[in-house]
Amino acid sequence: MYGRDPWGGPLEINAADSMTDDDRSRNLQDLDRATPSRPLDETQQSWLLGPKVLKKKKYVDLGCILVSRKIFLWTLGTIVVTALLSGFITLIVKTLPHHHHKEPPPDNYTIALRTALKFFNAQQSGKLPKNIYNVSWRHDSCLQDGKGDPGQCYKDLVGGYYDAGDSIKFNFPMSYAMTMLSWSVIEYSAKYQAAGELEHVKELIKWGTDYFLKTFNSSADNIYVMVEQVGSGVSGRGSELHNDHYCWMRPEDIHYKRTVSQCYSSCSDLAAEMAAALASASIVFKDNRLYSKNLVHGAKTLYRFATTSRNRYSQNGKESSKFYNSSMFEDELLWGGAWLYYATGNVTYLERVTSHHMAEKAGAFGNSPYYGVFSWDNKLPGAQLLLTRMRLFLSPGYPYEDMLSEFHNQTGRVMCSYLPYYKKFNRTNGGLIQLNHGAPQPLQYVANAAFLAALFSDYLEAADTPGWYCGPNFYTTEFLRNFSRSQIDYILGKNPRKMSYVVGYGQRYPKQVHHRGASIPKNMKETCTGGFKWKKSKKNNPNAINGAMVAGPDKHDGFHDIRTNYNYTEPTLAGNAGLVAALVALSGEKAVGGIDKNTMFSAVPPLVMATPPPPAPWTP
């Protein structure tokens with residue numbers, strides 16, 4: 001039988017397959033009746049059923065917690081991949097050649113800084129501390145200072161620093177030296193830290209301030225006397241008694257009684273300078289609150305003493321006038337008052353130092369040949385810059401702005417005078433500025449000027465000021481740094497003699513320094529006058545007094561390395577302090593940073609600007 005294929009073409013149908021649905025149903029019923037009626041055992045069931053499908057667990061039992069299976073597998077996979085990747089990276093790193101990145105070598109100024117600080121260790125008096133900075137040929141000395149005269153007010157004057165090539169302790173230049181070191185630390189602590197010398201310089205400052213606190217009644221609010229000098233340098237008729245200039249001997253071998261000079265009144269310059277030293281050091285040691293507080297109290301007491309009976313400490317032909325004669329005292333009052341304001345924040349000091357009268361008395365409006373020559377005697381240029389700092393960073397406004405603006409302008413004029421274009425100061429053919437107008441021992445003044453110029457440059461840069469005006473001409477801060485570098489480079493050896501004037505720096509430096517301790521072998525004990533054979537010797541010093549900046553060349557760039565001529569070869573505390581300050585200002589990379597703007601103002605509260613007086617009534 002054929003049917004029609006709906007897609008086209010015949011379709012053959014087998015007749016045997018044409019049973020009806022009823023027939024199929026009856027056949028199935030017959031099959032069901034043939035099925036055994038008893039239940040199947042498990043084995044038989046397994047023949048008929050497929051394998052049992054087990055449902056996967058969604059969690060993993062870790063004993064103490066249940067974790068999602070997906071999270072567990074993902075975490076495990078991540079750990080495995082990370083471990084493989086880490087191992088691969090480690091293998092690569094180990095197989096690659098290693099390039100060790102060493103720190104860049106220190107610059108010349110940093111090297112010279114480390115050397116220059118050693119001079120202060122060589123000048124220490126008293127029972128020396130045991131530390132890494134000790135000088136091998138120096139030992140305890142002058143342990144009886146202040147103890148031999150029952151008439152002295154202060155019985156313990158052990159400590160401090162010897163001034164130069166002798167063993168006298170002059171408190172006036174010593175105070176100035178400590179102030180300079182403190183100022184440089186306040187401004188450039190990061191650079192000292194980078195050079196590895198911060199703790200060293202702080203120890204040197206504290207050695208000085210600890211001694212100063214012994215030289216007056218530092219616990220009192222008011223005093224009537226202070227020590228100005230320990231030791232004597234009197235020469236000429238009547239000087240046959242043993243003293244520090246009559247004898248040439250190591251300080252360790254001094255056996256004679258050392259005189260103590262005291263000032264009972266008219267000590268304005270000395271007291272104000274020592275107040276500056278203590279006040280500035282109190283900022284350096286501000287984290288040592290008790291010590292800083294003691295320094296501030298002592299500074300206040302000294303400044304009060306300085307303002308009660310005003311006059312020069314070296315007047316009336318005193319011995320100090322032969323060595324460190326102070327030309328005036330008002331500049332110290334300005335200088336010390338500025339430091340006390342920064343140390344205390346007391347506006348009474350600010351009002352004093354910004355008065356027109358005090359500035360005029362200090363010579364701020366003058367134009368002497370030595371205007372701008374910063375030294376142990378003339379603090380005016382330092383005070384002007386110190387107060388300019390306040391105007392640049394605090395802008396206190398009325399009523400201080402007028403005088404602070406004057407100080408700012410005066411500082412600018414001083415900096416102009418340092419530039420070679422204005423010829424206020426001559427220069428040697430080798431380029432050394434003659435700030436003391438051709439007189440001997442020029443380097444201490446040069447180092448001080450180099451410090452002021454570098455510092456003013458950093459002040460301007462920190463205040464986002466690119467330069468300053470000299471009349472109609474504008475100069476960038478780089479002119480200041482070039483001046484500073486040129487003068488310090490001269491001192492370090494870039495001069496016609498190709499000689500460093502800092503002992504221990506460079507290949508060529510003075511070998512016959514005018515210095516008692518350095519000129520006598522350390523194991524040789526000489527009598528008072530027996531040591532003069534070493535002074536007159538043509539041989540080099542047996543002990544190198546590393547870091548000492550000698551007095552320097554003459555106005556023709558000439559220099560004689562002769563021990564007997566102190567105008568060429570004697571170093572001083574004041575000179576080395578200026579050198580250290582200039583070196584740290586120039587040292588290091590720009591990345592180390594410039595000045596620390598804020599530490600100086602750590603004790604200064606926010607200033608409330610006063611309301612200026614109303615203008616005078618207008619009249620037609």
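Cβ coordinates come from backbone N, Cα and C, glycine included.
For 1-39, the entry in Swiss-Prot reads region 'Disordered'.
The topological domain 'Cytoplasmic' annotation in Swiss-Prot covers 1-70 and rests on sequence analysis.
Per Swiss-Prot, compositional bias 'Basic and acidic residues' is recorded for 21-39.
Residues or ranges marked as transmembrane segment in Swiss-Prot (evidence: sequence analysis): 71-91.
Taken from Swiss-Prot, the feature topological domain 'Extracellular' covers 92-620.
Cβ neighbour count for Asn108 (N-linked glycosylation site): 18 (other Cβ atoms within 10 Å of its Cβ, all protein chains included). For the recorded site, Asn108 (N-linked glycosylation site), the DSSP three-state label reads helix. Marked as N-linked glycosylation site by Swiss-Prot on the basis of sequence analysis: Asn108 (among others).
According to Swiss-Prot, the N-linked glycosylation site annotation covers Asn134 (among others). Asn134 (N-linked glycosylation site): 15 other CB atoms within 10 A of its CB, across all protein chains. Look at Asn134 (N-linked glycosylation site): DSSP puts it in coil.
Annotation source Swiss-Prot lists active site, nucleophile at Asp166. In sequence order, Gly231, Gly233, Asp244, His245, Arg516 make up the list of same-chain residues 6 or more apart from Asp166 (active site, nucleophile) whose Cβ falls under 8 Å from its Cβ.
Residues annotated as N-linked glycosylation site in Swiss-Prot, with sequence analysis given as evidence: Asn217 (among others). For Asn217 (N-linked glycosylation site), the same-chain residues 6+ apart in sequence whose C-beta sits under 8 angstroms from its C-beta are Cys153, Ile223, Thr301.
Taken from Swiss-Prot, the feature N-linked glycosylation site covers Asn325 (among others). DSSP assigns Asn325 (N-linked glycosylation site) to coil in the three-state reduction, outside any helix or strand.
Under DSSP, Asn346 (N-linked glycosylation site) is assigned to coil, being neither helix nor strand in the three-state scheme. Residues or ranges marked as N-linked glycosylation site in Swiss-Prot: Asn346 (among others).
In the three-state DSSP assignment, the secondary structure recorded for Asn409 (N-linked glycosylation site) is helix. Around Asn409 (N-linked glycosylation site), no same-chain residue at least 6 positions away in sequence has a Cβ under 8 Å from its Cβ. Among the features that Swiss-Prot reports, N-linked glycosylation site is placed at Asn409 (among others).
Under the heading N-linked glycosylation site, Swiss-Prot lists Asn426 (among others). In sequence order, Ile433, Gln434, His437, Gly438, Lys555 are the residues of the chain that are 6 or more apart from Asn426 (N-linked glycosylation site) and have a CB within less than 8 Å of its CB.
Asn482 (N-linked glycosylation site) counts 14 other C-beta atoms within 10 Å of its own C-beta, drawing on all protein chains shown. The N-linked glycosylation site annotation in Swiss-Prot covers Asn482 (among others), and the record cites sequence analysis as its basis.
For His514 (active site), the Cβ neighbour count at a 10 Å cut-off comes to 25, with all displayed protein chains included. Feature annotation from Swiss-Prot assigns active site to His514 (among others).
According to Swiss-Prot, the active site annotation covers Asp561 (among others), on the basis of sequence analysis. In sequence order, Pro510, Lys511, Gln512, Tyr568, Thr569 are the residues near Asp561 (active site), counting only same-chain partners six or more apart with C-beta under 8 A.
Cα distances from Asn482 (N-linked glycosylation site) to the recorded positions Asn108, Asn134, His514, Asn567 are smallest for Asn108.
According to DSSP, Asn482 (N-linked glycosylation site) is assigned to a helical segment. Nearest neighbour of Asn134 (N-linked glycosylation site) by Cα distance, taken over the recorded positions Asn108, Asn325, Asn346, His514, Asn567: His514. When other Cβ atoms within 10 Å of the Cβ of Asn567 (N-linked glycosylation site) are tallied across all protein chains shown, the result is 16. The shortest Cα-Cα distance between Asn108 (N-linked glycosylation site) and any of the recorded positions Asn346, His514, Asn567, Glu570 is the one to Glu570. The distance from the Cα of His514 (active site) to the Cα of Glu570 (active site) comes to 5 Å.
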